[in-house]
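Engineer: Attaching a single structure in structure tokens format; questions to follow.
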Amino acid sequence: MPGLDGQAPPLVQPLVPGRSPSMAWGLPSAAGLARLCQKLNRLKPLEDATMETSLRRCLSTLDLALLGIGGMVGSGLYVLTGTVAKEMAGPAVLVSFAVAAVASLLAALCYAEFGARVPRTGSAYMFTYVSMGELWAFLIGWNVLLEYMIGGAAVARAWSGYLDSIFSHHIRNFTETHVGVWRVPFLARYPDFLAAGILLIAAAFVSCGARVSSWLNHIFSALSLGVIVFIVVLGFVLAQPKNWSSREGGFAPFGFSGILAGTATCFYAFVGFDVIAASSEEARNPKRAVPMAIAISLSLVAGAYILVSMVLTLMVPWHSLDPESALADAFYRRGYGWAGFIVAAGSICAMNTVLLSNLFSLPRIVYAMATDGLFFQAFAHVHPKTQVPVVAIVVFGGLMALLALVLDLEALVQFLSIGTLLAYTFVAASIIVLRFQRAPAPGSPPAPASPEPPSKEYESFSDRLQLVGATQAEAPEPGQLKLAWRPYLPFLGTHCSPGAAVTWALVGLMVSAIGLSCVLIFGDSPLHLPRWCAAFLLVLCSLAFLFSLLLLSAHQQQPSQDTFQIPWVPLTPALSILLNICLMLKLSYMTWLRFAIWLLVGLGVYFGYGIRHSKENVQDPPGAGSTRYVVFPSGSLEETVETVQPPGQAPPGPAPSTDSPGSRG
């Protein structure tokens, strides 16, 4: 009420026409929050993922397969096998590698389907962007960037240390004498100029083009595979079956728990196949080449790890292995010291392929994020001659060299695991989203022009799953309940839309997987739960997980595509999600703390730059038209379209509601 003098009381703000009371008090309105949520969850249109690219499509199936082999066969083959055999599993290390290969296959299949269907660079970032939403995609890409930088720097320091050990540590002694020793937390003991130098040289080769990188990787991969064949053949010649006898402790001296512990460690030996998906934009025929390359590389690498671990434990007793140089030491103890030099050469070649793989993938993910506007535009520059993102290669190659030069990376190596596992989890969830969303009809004509001003309707994760349309009993669309299940689940058709049911089922799957993993990992020792309580929670979470799977399976999926599709969806990606969450929970709390800090930095970059410069945002300039968002009140199938007026414009008339939601397409 106005005062006696006709003025508003001092504590009451006059309402501006077209503004809500919350906006008058400086609080965000419901419409503003809705626009923000739509921006955070907007999707990159799947139909934009065509064969057109600024990069050069020059990689064959063999090139991609060797890139994948180079990314997976690193120093782990020469170090990890001895460590797991002596400290965790004994000769049963080969079983640990076999189980880890099957577990990695679950994630690899998800990457194969996406890489064939979305032939764009960016790997997990791009897959998340087209299915889960922009914010999630940025955070995945942000974590993958750090993963590649730390991984490349760590491998470069391992390469330097291995070469230094061959020359009796003369390189380290010379550096400490003439440069000095650092005793600063988080810094290395001494600057590793050799590691930084090899990274800069590798970055120079990668910047020369995809063909040069591919041929260089061919050379090192061929040498590495040749050394592996040599190790296996000579190892079987020197094999002594008595080393697996009960006198030496038996085949599985640490029991089933040791095999599982070894599996968790061996799982990381297969990290690196995502370089194939990251290179799909440069493949000649990605629909065929990406799945084939992933299958070939994973099979060969799994066979190499299993055979090498087998001959290693057959040559010498497992309890006498030297974890730091198990293979070279095993040949030396059998009287073949000269074979140690061949093993050293193979190890250096293997680490070179990992360096090339990291430097090949990292700039392309940066390029994909910059092309979409979520990262600084300078990184989207492609050299006109070599057709590679040269700015991203130079900048991030230099950053990787700087990390290898000055930082103590031992404490940061565990950070690699959480970024990789999180990417695997989101890619598996994205497969489920992709299968249950309605695909645009190929060759469908564009929508007719409307006399209304141009508008932008943001698509988000929930929008894609809100598959609203007239229920056709004879042909359910993707995301709708299958005909056979409708008599048993009638509440899904009366109380919630089909898309909402799939959304809640996926959320329930993720939550139950987290609960089940917590019970399995922390149920006994950290939480000290009574046995009956742990059993009850285990049964409850398992039933919730199975019910979510059943609910997802009851809905119609997309029809078969002409590209590779993984079998048994949603079971296969659900098992991958469960496994990845279990492995993430086994990481230390310091790893989670560093991960949270890095996420906060990423959120600052996104809200400071990415959300405003996103390509999806630029396509909708301010004031060009009204922004439309979809509201589904109380689970109804009726779609209400509300007009949200941009600031500074006169409010238009009320937006009419429509009863034909199929117009969204």
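Heads up, the Cβ atoms here are built off N, Cα and C, so glycines get one too.
Checked TrEMBL, it gives:
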type	residues	note
DOMAIN	564-614	domain 'Cationic amino acid transporter C-terminal'
REGION	638-665	region 'Disordered'
TRANSMEM	20-37	transmembrane segment
TRANSMEM	58-80	transmembrane segment
TRANSMEM	92-112	transmembrane segment
TRANSMEM	124-145	transmembrane segment
TRANSMEM	219-239	transmembrane segment
TRANSMEM	251-277	transmembrane segment
TRANSMEM	336-356	transmembrane segment
TRANSMEM	365-382	transmembrane segment
TRANSMEM	388-408	transmembrane segment
TRANSMEM	415-436	transmembrane segment
TRANSMEM	534-554	transmembrane segment
TRANSMEM	566-585	transmembrane segment
Engineer: Who are the chain neighbours of the transmembrane segment (336-356) in space, where the CB to CB distance is under 8 Å and they lie at least 6 residues beyond its ends?
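Structural biologist: Contacts of the transmembrane segment (336-356) (Cβ under 8 Å, skipping residues fewer than 6 from its ends): 69-71, 73-75, 77-78, 151-152, 155-156, 158-159, 162-163, 166, 198-199, 202, 205-206, 213, 216-217, 220-221, 223-224, 226-228, 230-231, 234, 238, 272, 325, 327-329.
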Engineer: Restricting to the same chain and to residues at least six past its boundaries, which positions have a Cβ under 8 Å from a Cβ of the transmembrane segment (124-145)?
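Structural biologist: The answer is 39-46, 49, 111, 114, 118, 274, 277, 362, 365-366, 368-369, 372, 374-375, 396, 418-419, 422-424, 426-427, 429-430, 433-434, 437, 460-461, 464, 595, 598-599, 602-603, 605-606, 610-611, 614, 616.
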Engineer: Mark yes when the transmembrane segment (534-554) and the transmembrane segment (219-239) have three or more Cβ pairs under 8 Å (sequence separation 6 or more) and no when they do not.
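Structural biologist: Judged by the Cβ rule, the two regions do not touch, with the required three close pairs absent.
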Engineer: Where else in the chain does the transmembrane segment (365-382) make close Cβ contacts, counting only residues six or more beyond its ends and a cut-off under 8 Å?
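Structural biologist: Here the qualifying positions are 44, 54-55, 120-123, 125-126, 129, 134, 137-138, 141, 144-145, 148, 278, 388-392, 395-396, 605-606, 609-610, 613-618.
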Engineer: Would you mind listing the long-range same-chain contacts of the transmembrane segment (92-112), meaning Cβ under 8 Å and 6+ residues beyond its ends?
Structural biologist: 81, 84-85, 123-124, 127, 251-254, 258-259, 262-263, 265-267, 269-271, 273-274, 276-277, 290-291, 294-295, 298, 301-302, 305-306, 309-310, 313, 318, 424, 427-428, 430-431, 564, 566, 572-573, 575-576, 579-580
Engineer: Which range wins on Cβ pairs under 8 Å with the transmembrane segment (415-436): 58-80, 251-277, 534-554?
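Structural biologist: Checked against 58-80, 251-277, 534-554; highest Cβ contact count belongs to 251-277.
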